[in-house]
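If you look up TrEMBL, you'll see 76-86, 94-103 marked as compositional bias 'Low complexity'. If you look up TrEMBL, you'll see 32-124 marked as region 'Disordered'. The repeat 'WD' feature in TrEMBL is assigned to 282-318, 329-364.
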Amino acid sequence: MAEAGLTDYERRREENIRRNETILASLRRQVAELSASVRPSPSLKRPKKEQPRARPAGPVVLRRSPRTRGIAPGEPSASTGANTSPAAPPSPTKPRTTRFSSSLASALRDATAVKPPPRPEGGICAADGFDAGRELVLRSANVRRVVPERILSVRILPLADRTVVAAGNKLGHIGLWDVDGLVEDEEDGDGANGVFQYFPHRGSVGGIVMHPDAQRKIYSCSYQGEICLMDVEKENFNVIHLCDYPIFSLCQAPNSPSSLYFAEGNDLKLYDERTGKVSATWNLHDHRINSIDFRPENPYVFATSSTDRTVCIWDMRSMKKEGPEKLKVLEYNRAIQSAYFSPSGNMLATTSLDDTVRIFNMDNFDESCILKHDNRTGRWLSTFKAIWSWNDNNLFVGNMKRAIDVISVDHSGKSLSASYTAFLQSEHMTAIPGRFSLHPYKVGHLAGASSSGKVFLWTRA
């Protein structure tokens with residue numbers, strides 16, 4: 001029945017309002033029922049908000065490519081860049097860090113009391129009639145694991161009547177093998193079989209040197225920019241200089257035992273041990289410097305080899321702070337790992353990743369010879385570096401057959417020639433020798449170091 005006083009329009013409007021209110025009431029009931037069905041039980045606790053993960057302690061490691069760090073193919077890359085990795089953990093043998101073994105220090109002090117013989121003309125010691133290919137042998141007693149992991153630098157210390165081999169590895173360890181000494185084991189086991197291990201560096205050991213005129217100081221450098229001094233008198237290790245970038249090589253001039261020349265990346269720097277400061281810096285190459293060597297005949301002339309594919313000859317007397325002038329530039333197709341003068345200083349031998357060993361006449365660089373040699377050691381082996389024998393007649397370089405190639409050099413006439421004349425192989429040399437050092441006063445004492453941490457000491461038969 002129609003409501004009184006309402007028009008047809010008003011009546012339809014009121015009906016629409018009542019219908020909409022009924023629909024809205026029904027929707028509210030459905031929402032309430034649905035909310036009740038999904039409401040969590042009061043006994044259940046709300047899960048805690050997840051906490052953000054804590055970042056590991058220690059410095060942030062910035063990854064940089066080997067190319068931007070000046071690392072050549074075949075060179076270790078784990079610790080070669082500055083600030084690229086935290087300190088390597090000590091080996092299971094728990095080597096000493098800064099304390100030097102008193103028994104070894106005493107033996108070295110006794111050895112330095114014997115004055116070395118004077119240097120003969122044309123060689124570091126008398127080697128007349130010595131035939132490396134026939135006379136050198138490797139005995140089982142002359143093999144030692146001096147350090148764990150890969151050896152990057154090895155040096156027979158210049159002691160007149162004693163053979164002590166120092167080796168540095170990629171972890172920062174330095175091991176000393178007292179070949180002639182019969183040192184009893186100490187309480188912590190150090191000195192077993194004549195081997196003493198230390199942990200002075202945080203990165204790969206790039207070089208070890210001892211000057212013949214300062215035999216109680218052993219210097220070493222690392223890819224973490226450290227220069228350490230092992231002081232035999234004080235029986236300790238000390239970091240005497242710290243750089244921002246890797247130090248790849250270390251050298252001392254023949255006429256200055258207190259001067260250290262080191263390659264910080266592609267810069268050559270002079271550190272004066274007396275003042276404890278770097279007194280000069282020269283930018284010599286576009287990429288890292290791999291070797292530094294002074295000419296025995298003229299201690300002011302030196303050679304540097306570099307990853308930038310050049311070998312450069314310099315004169316210290318004409319070095320300028322800005323743009324030092326080169327005496328000679330030798331260009332290659334690949335990186336050069338080493339450039340060393342012969343004992344007389346009349347020749348220069350280089351080893352390159354272009355699979356060559358080259359020999360130059362210092363008086364006439366056009367007079368040279370090239371020998372093919374497989375230098376592709378890969379990333380797990382130390383690169384080959386050919387070194388001179390006790391005179392200008394021979395070179396020693398490792399090969400991939402776990403042996404040593406002996407190169408004979410003939411410079412008797414007007415031309416320079418070289419050839420492979422011997423192949424030193426032994427059942428006791430169970431790894432590939434990459435780095436070498438010879439005893440400056442004992443003809444026939446040749447140490448070869450491997451990537452397994454072993455040192456093989458060849459001696460006269």
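Heads up, the Cβ atoms here are built off N, Cα and C, so glycines get one too.
Under 8 Å from some Cβ of the repeat 'WD' (329-364) lie the Cβ atoms of residues 72-74, 121-124, 287, 290-291, 293-298, 303-313, 370-376, 383-392, 395, 397, 407, 409, 411, 416, 418, all in the same chain and six or more residues away from its ends.
Across the repeat 'WD' (329-364), DSSP classifies residues as 0 helix, 22 strand, 14 coil. Confidence across the repeat 'WD' (329-364), taken as the mean pLDDT and rounded to a whole number, stands at 96. Look at the repeat 'WD' (282-318): DSSP puts its residues at 3 helix, 20 strand, 14 coil.
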